[in-house]
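Presented below is the structure to which this report refers.
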Amino acid sequence: MSLWELEDRRSCQGTPRPAQEPTAEEATTAELQMKVDFFRKLGYSSAEIHSVLQKLGIQADTNTVLGELVKHGSAAERERQASPDPCPQLPLVPRGGGTPKAPTVETYPPEEDKEGSDLRPIVIDGSNVAMSHGNKDVFSCRGILLAVNWFLERGHTDITVFVPSWRKEQPRPDVPITDQHILRDLEKKKILVFTPSRRVGGKRVVCYDDRFIVKLAFESDGIVVSNDTYRDLQGERQEWKRFIEERLLMYSFVNDKFMPPDDPLGRHGPSLDNFLRKKPLTSEHKKQPCPYGRKCTYGIKCRFLHPERPSRPQRSVADELRANALLPPSRAASKDKNSRRPSPSSQPGSLPTEHEQCSPDRKKLGAQASPGTPREGLMQTFAPTGRSLPPSGSSGGSFGPSEWFPQTLDSLPYASQDCLDSGIGSLESQMSELWGVRGGGPGEPGPPRGPYAGYCTYGAELPATPAFSAFSRALGAGHFSVPADYAPPPAAFPPREYWSEPYQLPPPTQRLQEPQAPGPGADRGPWGGAGRLAKERASVYTKLCGVFPPHLVEAVMSRFPQLLDPQQLAAEILSYKSQHLSE
């Protein structure tokens with residue numbers, strides 16, 4: 001190959017030139033571009049990356065730049081949410097479709113605004129609060145600030161404090177004021193308002209600031225914060241009186257802590273949260289279920305919920321009778337007629353009793369007594385199971401051991417069941433009426449107490465003992481006092497360990513022969529009446545004994561032998577009891 005050809009080949013291939021070193025500016029630009037590409041892969045825009053790199057510098061660490069980008073991105077997101085796009089893009093629709101409606105942006109008020117709008121306006125008696133915080137010796141403006149801050153922390157925005165304008169004057173030894181600058185600060189925030197006052201002839205003329213407070217709170221349907229009851233203003237207007245009773249929020253200061261009560265209107269009123277709201281959040285005062293359940297012995301006085309007895313009246317039987325005694329006779333009679341319940345003996349499907357199966361005469365008696373009044377049904381219900389009370393005119397019959405077996409509480413009439421709720425005494429009186437009284441000796445069954453002592457049931461027979469004869473004579477005479485020779489032995493009923501235990505049953509005794517001659521009062525009822533009158537009096541006596549002590553019932557019914565209305569008798573018993581308090 002010739003030299004000329006070799007030079008031509010070199011000229012065609014080109015001779016390599018030495019590489020030139022990049023400048024510092026080019027290196028910086030390349031590094032910047034590399035970092036921008038790296039952060040763009042993470043989802044950040046070029047503008048955000050350039051602003052952060054310009055702030056931190058190109059030599060900043062990758063973690064530092066990434067942290068700043070995260071902060072910058074969250075701030076931009078908040079700004080984007082705060083100012084939504086006024087012209088949102090319309091959604092794409094297929095060809096031929098209708099014109100899409102522009103989406104409406106629903107603006108919801110902030111949660112704090114909704115919370116504040118539901119709260120009542122607050123009107124604070126500044127003088128009362130300041131003097132209370134100063135222990136009634138110093139006008140402590142710090143107390144006003146504590147009260148205002150307490151309501152501001154709860155979300156209240158409408159707060160007004162009234163203070164007389166003369167409190168802006170320089171304090172004097174006789175009128176000490178502390179932290180007076182707080183009044184000016186609250187006035188600048190438009191929370192505190194000074195009531196007008198001026199000097200006339202060297203004397204200070206002060207407007208009545210209490211009237212400002214009550215008037216503004218009444219017109220704005222707000223809350224008055226004060227320990228003053230404003231008695232003078234209650235007498236001016238009736239609506240102000242009602243408003244002050246329902247909207248006055250009292251308070252206490254525990255050192256520097258403002259403490260209003262959790263129950264501003266008492267333990268049965270609304271809570272503090274609902275008291276300060278225009279609409280209560282939840283329904284309150286849901287009673288908790290009673291922990292004792294069906295074993296509860298408090299009756300209607302129990303403050304817990306008893307779902308097993310939903311139809312219980314809210315008032316006791318005594319309160320019902322007292323209320324009925326104050327009603328006119330016509331309204332009381334209609335109310336008593338509506339409140340009566342059907343007796344268990346009138347329910348369908350009841351088994352025939354023993355006396356209906358053994359004697360046709362007894363069947364006739366039952367047929368005659370069946371269409372009677374509800375009082376007769378109540379009286380028959382009170383009789384022992386399987387027995388019926390014959391009319392008072394029947395002289396035959398006697399008492400037997402089967403008549404002394406107690407009833408269950410379910411078989412009691414409703415009047416007796418209601419009075420079990422009135423306490424321990426009424427329960428024991430019911431038990432004593434059910435089991436009766438034993439007298440004469442350990443083996444002799446004594447006559448029962450109560451209005452049924454004069455009646456004889458179909459069964460065994462009793463001897464004419466002196467105690468029984470004396471008791472019969474006492475019944476025939478028209479009163480129920482037990483004679484002196486009638487003394488029940490202490491061994492008749494063993495003592496009970498607990499009051500809730502029932503009396504133990506007496507031991508069964510053998511049936512004795514019927515006395516030859518009935519007592520002089522055997523053909524008459526307990527009060528000397530006969531037939532329907534005696535039954536009605538017995539029924540009324542049973543009802544009243546469930547409410548009042550038996551001796552009071554006997555005394556009043558003996559004074560008014562022809563009076564059978566329970567409401568009138570209850571009124572007479574109350575009157576008699578008030579006149580004989582020493583008994």
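Each residue, glycine too, has its Cβ placed from N, Cα and C.
According to Swiss-Prot, the protein has these features:
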- 1-11: compositional bias 'Basic and acidic residues' (COMPBIAS)
- 1-29: region 'Disordered' (REGION)
- 15-29: compositional bias 'Low complexity' (COMPBIAS)
- 26-71: region 'Ubiquitin association domain' (REGION)
- 65-134: region 'Necessary for interaction with TANK' (REGION)
- 73-82: compositional bias 'Basic and acidic residues' (COMPBIAS)
- 73-119: region 'Disordered' (REGION)
- 96-281: region 'RNase' (REGION)
- ASP210: Mg(2+) binding site (BINDING)
- 262-290: region 'Disordered' (REGION)
- 285-441: region 'Necessary for interaction with ZC3H12D' (REGION)
- 323-404: region 'Disordered' (REGION)
- 341-352: compositional bias 'Low complexity' (COMPBIAS)
- 353-364: compositional bias 'Basic and acidic residues' (COMPBIAS)
- 384-393: compositional bias 'Low complexity' (COMPBIAS)
- 503-530: region 'Disordered' (REGION)
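Mean pLDDT of the predicted structure over the region 'Ubiquitin association domain' (26-71): 81. Other Cβ atoms within 10 Å of the Cβ of ASP210 (Mg(2+) binding site), summed over all protein chains shown, number 19. Note on the region 'Ubiquitin association domain' (26-71): DSSP counts are 37 helix, 0 strand, 9 coil.
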